[in-house]
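Colleague: Dropping the structure in here first, questions after.
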Amino acid sequence: MTDTQDKHYIIALDQGTTSSRAIIFDRDANVVGTSQREFAQHYPQAGWVEHDPMEIFATQSATMVEALAQAGISHAQVAALGITNQRETTVVWDKETGRPVYNAIVWQCRRSTEICAQLKRDGHEAYIRETTGLVTDPYFSGTKLKWILDNVEGARERAERGELLFGTIDTWLIWKFSGGKVHVTDYTNASRTLMFNIHSLQWDDKLLEILGIPRQMLPEVRPSSEVYGHTKSGIAIAGIAGDQQSALFGQMCVEPGQAKNTYGTGCFLLMNTGDQAVKSSHGLLTTIACGPRGEVAYALEGAVFNGGSTVQWLRDELKIVNDALDTEYFASKVKDSNGVYLVPAFTGLGAPYWDPYARGALFGLTRGVKVDHIIRAALESIAYQTRDVLDAMQQDCGQHLSELRVDGGAVANNFLMQFQADILGTCVERPQMRETTALGAAYLAGLACGFWSGLDELRDKAIIEREFSPQLDETQKEKLYAGWKKAVERTRDWEDHEA
């Protein structure tokens, strides 16, 4: 605990896949200052995605300064800083100079597909699943880190000499903001690395040996809500959670059976399972989340690789919309998609398929298909993929969700939210506070330093802005969904690969 009597604000840093943001909250969890900066995406080869870690730090630092200036407050009035981040994205840097040895390898990047295939051939898949709760997929940090050590000249030798450090983005930012004094991560981020035992809550020696990772590179793993250190300007760094776990906490889904979907670049559906690490038989991940006080809890997660990025593709590559916000208007102009299905498997398929060799496709094209139908099919694909995951999740947990809480940029799209409720047959609740990912990090930081007293105080701040109720009948719903399943099957195993 720290003395927060004269400090009236919490800063949340929300380091995402395409932008860095800073959001300042007051004691009533109102937003009083924000700033956002986009940064460059690098695609050196097909299926590869990289970021510049120094640009991430620079944009994140700038947004903090800008948000404080916008709010008209000083560092001295800030009780604590919480960080939430794009997960799995992997940074390796020099301990002395603080310079990365390679670009950050982003969660979307598929370059370690062959490393994963070799792990499977060597018979490690079951152990990885049992120990980490994850599937053997290029999505997670461990094989990205192995790729850097294997492919960057001198990296492995330097890592073994203790000269290099590894971190996910939270770790990298805290190391930079603390002036190189603090090398930590939290349980939620560690659980996404493919190197962490989610049952013993330790780095797993056998997995480190399998991947060839020197243990001394790894950060210390700590709870999501505690004071880890201070920035150079003296602000307590007091909360960390991976973006999806942070959103789950920000939505107050802290009890078993509560679930949310975040619609961002990808879509992420998490269900809190309390102290039970539920094993999925449907290709979902078992991961670590935050309990009522930020302590370790478990969750089931389904990840959809391409959600909002599908709309970005319509805008930036096909150029059939000028602004993502316009998609609601165009989709609503037509009564249905005219039989068109868009499967956005640009980087393979995530849960529950886990097919890195699938590729995107448009199905059902006829001469009567207009641009509006394709735009509508793109939005519908986000809802269909969410249903894929939610169906699997409900079967694993043996219970039916009465409602789904939603957040992320795309929830502003009323067409998408209504179609989501229709295709699920479940109410969709959209909160008044849209910044739930940042809010979760702020809550974790505020609880750690005594800024907020506890969960009851936070629950009072959660207001539902609009509820979308299902309007499709069962026959229509299932006919549409059957068409989607048929389309997905046609995209599977498209890329050539070794067996």
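The backbone N, Cα and C atoms fix where each Cβ goes, glycine too.
Remember, predicted model here, so these are calculated numbers, not experimental data.
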Colleague: In Swiss-Prot, the residues T17, T18, S19, G308, Q312, G409 are said to bind ATP. Which of T63, T262, T265, T366 is said to bind at that same site?
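Modeller: Given T17, T18, S19, G308, Q312, G409 bind ATP in Swiss-Prot, the matching entry from T63, T262, T265, T366 is T265.
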Colleague: Check Swiss-Prot: it lists R87, E88, D243, Q244 as binding glycerol. Then name which of Y43, Y127, Y139, Y298 it lists for that same site.
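Modeller: It is Y139, as the record lists it for that site.
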Colleague: Looking only at DSSP and grouping its letters into three states, which state does T18 (ATP binding site) belong to?
Modeller: coil
Colleague: Quick check: of the binding-site residues listed here (T18, S19, R87, D243, Q312), which one has the Cα closest to that of N413 (ADP binding site)?
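Modeller: So, of the listed binding-site residues, the one sitting closest to N413 (ADP binding site) is Q312.
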Colleague: Let me make sure I understand the structure: which of the binding-site residues listed (T17, Q312, N413) has the fewest other Cβ atoms within 10 A of its Cβ?
Modeller: Q312
Colleague: Starting from the Cβ centroid of R87, E88, Y139, D243, Q244, the recorded glycerol site, name every other residue in that chain with its Cβ within 8 Å, sequence order please.
Modeller: Q86, T89, W107, R192, G242, F268, A303
Colleague: Relative to the Cβ position of G409 (ADP binding site), how many further Cβ atoms are located within 10 Å?
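Modeller: Step by step: centre on the Cβ of G409 (ADP binding site), count other Cβ atoms within 10 Å, giving 17.
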Colleague: Sort G409 (ADP binding site) into helix, strand or coil using the DSSP assignment.
Modeller: helix
Colleague: How many other Cβ atoms sit within 10 Å of the Cβ of D243 (sn-glycerol 3-phosphate binding site)?
Modeller: 27
